[in-house]
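Novice: Just dropping this structure here.
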């Protein structure tokens with residue numbers, strides 16, 4: 001048939017067409033023909049018609065029944081059930097009425113405590129302690145031995161006066177030191193014999209004076 005013989009030369013030309021493509025010279029003939037076939041398949045795939053109809057949403061039977069039940073008007077039995085008044089619940093507790101406030105009741109008066117006046121402890125404040133002078137001891141050493149500040153002795157030495165009783169201590173002399181509750185030296189007496197004593201007292205400014 002003439003049509004068959006005309007188609008065969010055309011197919012042969014198409015089959016050998018890749019041999020004339022210079023940019024495919026590095027590839028073997030079979031690879032060239034494979035590339036041409038793949039290109040033809042892609043073109044045919046693009047040209048085929050596609051199904052553009054959107055997928056219709058699937059409505060379940062339950063959704064249809066819900067829509068139908070909502071669209072129907074309520075029956076008389078449903079309306080009667082809504083109009084029935086609820087019965088009292090026995091579990092509900094009735095509100096408790098507040099107790100009335102009785103007038104005339106005396107208010108509770110707070111208890112008052114009597115505060116006692118401050119009484120200073122005379123047994124601790126201004127307490128005198130007696131010390132006997134040992135051989136070779138000075139007044140400053142006597143203070144140090146009993147944990148008292150020697151600076152008080154130096155302050156009293158500035159007003160020592162006649163006879164210098166602080167500097168001329170004798171063995172066996174009796175010395176009395178007075179301290180307040182805080183342990184501060186507030187007075188000092190030295191027995192000078194013949195029932196006579198020398199007295200030093202502290203002033204409010206911290207200095208000492210010889211009282212007698």
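Glycine too: its Cβ is placed from the backbone N, Cα and C atoms.
Since we're looking at a predicted model, the values are computed, not measured.
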Novice: Which is it, of 34-50, 51-67, that Swiss-Prot names as transmembrane segment?
Specialist: 34-50
Novice: Averaged over the region 'OapA' (117-212), what pLDDT does the predicted model reach?
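Specialist: Computed over the region 'OapA' (117-212), the mean pLDDT is 86 on the 0 to 100 scale.
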